[in-house]
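Just below is one structure, and these are the notes that go with it.
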């Protein structure tokens, strides 16, 4: 739990500061500021009405404690905690000597409460669990039926302390000032709201000074203060509260936006109807919608202003961190300067060592050059003696080589003649084989073309016979159907005439209908006959088209085979040409090898290798 420590001032009573448990890291009975390593928040100074000398307090937290400070707003939680006790203590001492604390101490010594409260209220919001009356709180006036169902806030355990304070108002030095403040109408209090939060705090501070410490502490312990901000002021737990807002930052945001906290409360449609009984329901609904739109816009504006206030105070906290970072940067620069000087000295030493090593290298190279010159002179004498021996041996080898080359030339001419005869015989055999293959391919293609032509003629003749037979059968069937229809028509006509003669007078109308039916049936028979003729002609045309397609396909297949045969002949010619070019290339290669062999024989290469080996041994 956080510990509240006095800023070099006497400790107030137990009801004026938050009671904290024993620190787990304390090891002795010395100063608590030296046994705790925590984050220090000098801006969290609270005005205590019982003792003017104990207004400014510092809030400490154990560095090893897992919890964070329970402040009123969620933005001020999870602040960084110094884990190094000496560093935290140094930061604490530095912050105690800051300009803001000096000003606060001067104001406290001069008992100028208004200026002190204005200075200290520029820090973060106070903890909602502190048993104090909010500074600059606006009175609450809302209808019971206009409460929206919102649970964002303190939860179901929040209680308003106003009834308890009113009960204790008769005690000496009680909260008479608070009752006076509560008796102010909502409009008048809302009109005072646009002023700054520091002015509101300074206006409430004298009234808080009239409350005795013991009575106020006991009263607040029984009834904890309700924390209301711009996000939970309309929750169900705040129904009976006399204030709309109690959060200092929310009040400051409303003051900056010139918005009364009462204007942020939602109103019910029934309230508007009761206020203007002569208006219609449509007019009241329009007024209600306009009021709700204006209220939401003001609430959004106040929330945005509150976010800007939070960001400004975060920036003030970040300035000290930036100063510390600059101090560390200066230390790093000094260490970098020292490192640079050391590097320069080391570079000077390295250059001296390099110069000394260079002088030694030059002396060593001069000695090596002298030794090398003496060795070269000895080698030159050896090379001259070896050259003389080599010339003598070369002369003898040239005579032997001339004899061997004459013999080798005669052998090569004989081999070339044999190779030429064999190559000519091979070319003649390949040409004869190619002519035989071409003649065989042509005869096979002619035979296959003849068979294909015969098959095609037989197929055409067979299809023609089938078509003629089919046409004859269809014509015979059509003639028979026509005769049957005519016979049936004659029989039916005779039957109708008999019926007409039997009852001409009595069935005249029926005879006319029957005649029309007969005519319609005759038309249907004629139409069916015409459709059959059209189908027969279509089938005949289809058969002719199929025959034409087959004929074209057969001709195309024959053409493809001819093209394939020509392609094969071209490939054979190209293969023969490539074989000829390969033979010419191999002949040129053999000639080149023969020339190389004539200029440099194997025996000569062996003698040169032996000569080099003997020179290396010497």
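Just so you know, the numbers here start at 1 and follow the chain as drawn.
A Cβ is built for glycine as well, from the same backbone N, Cα and C atoms used for every other residue.
The region 'Disordered' annotation in TrEMBL covers 118-223 (among others).
The compositional bias 'Basic and acidic residues' feature in TrEMBL is assigned to 124-133 (among others).
For 352-449 (among others), the entry in TrEMBL reads region 'Disordered'.
Feature annotation from TrEMBL assigns compositional bias 'Basic and acidic residues' to 352-391 (among others).
The compositional bias 'Basic and acidic residues' annotation in TrEMBL covers 408-441 (among others). Sequence-distant neighbours of the compositional bias 'Basic and acidic residues' (408-441) (same chain, 6+ residues past either end, Cβ-Cβ under 8 Å): 565, 568-569, 572, 576, 579-580, 583, 594, 597-598.
Helix, strand and coil content of the region 'Disordered' (471-492), in residues and according to DSSP, is 22 helix, 0 strand, 0 coil. Annotated region 'Disordered' per TrEMBL: 471-492 (among others), in sequence order.
Under the heading region 'Disordered', TrEMBL lists 506-548 (among others). With a cut-off of 8 Å between Cβ atoms, the residues of this chain six or more beyond the region 'Disordered' (506-548) that come close are 460, 463, 467, 470-471, 474, 478, 481-482, 485, 489, 492-493, 496, 499-500.
According to TrEMBL, the compositional bias 'Low complexity' annotation covers 509-520 (among others).
As annotated by TrEMBL, compositional bias 'Basic and acidic residues' applies to 529-548 (among others).
The feature region 'Disordered' is assigned by TrEMBL to 560-605 (among others).
Within its own chain, the compositional bias 'Basic and acidic residues' (560-575) has Cβ neighbours under 8 Å at 434, 437-438, 441-442, 445, 448, counting only residues six or more beyond its boundaries. What TrEMBL records for 560-575 (among others) is compositional bias 'Basic and acidic residues'.
The compositional bias 'Low complexity' feature in TrEMBL is assigned to 576-586 (among others). Only residues 6 or more beyond the boundaries of the compositional bias 'Low complexity' (576-586), in the same chain, are considered here, and those with a CB under 8 A from a CB of the stretch are 423, 427, 430, 434.
Annotation comment: TrEMBL describes 588-605 (among others) as compositional bias 'Basic and acidic residues'. Sorting each residue of the compositional bias 'Basic and acidic residues' (588-605) by its DSSP state yields 16 helix, 0 strand, 2 coil.
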Could you give the residue numbers and ranges of same-chain residues that sit at least 6 residues beyond the compositional bias 'Basic and acidic residues' (588-605) on either side and whose C-beta is under 8 angstroms from one of its C-beta atoms?
397, 400-401, 404-405, 408-409, 412
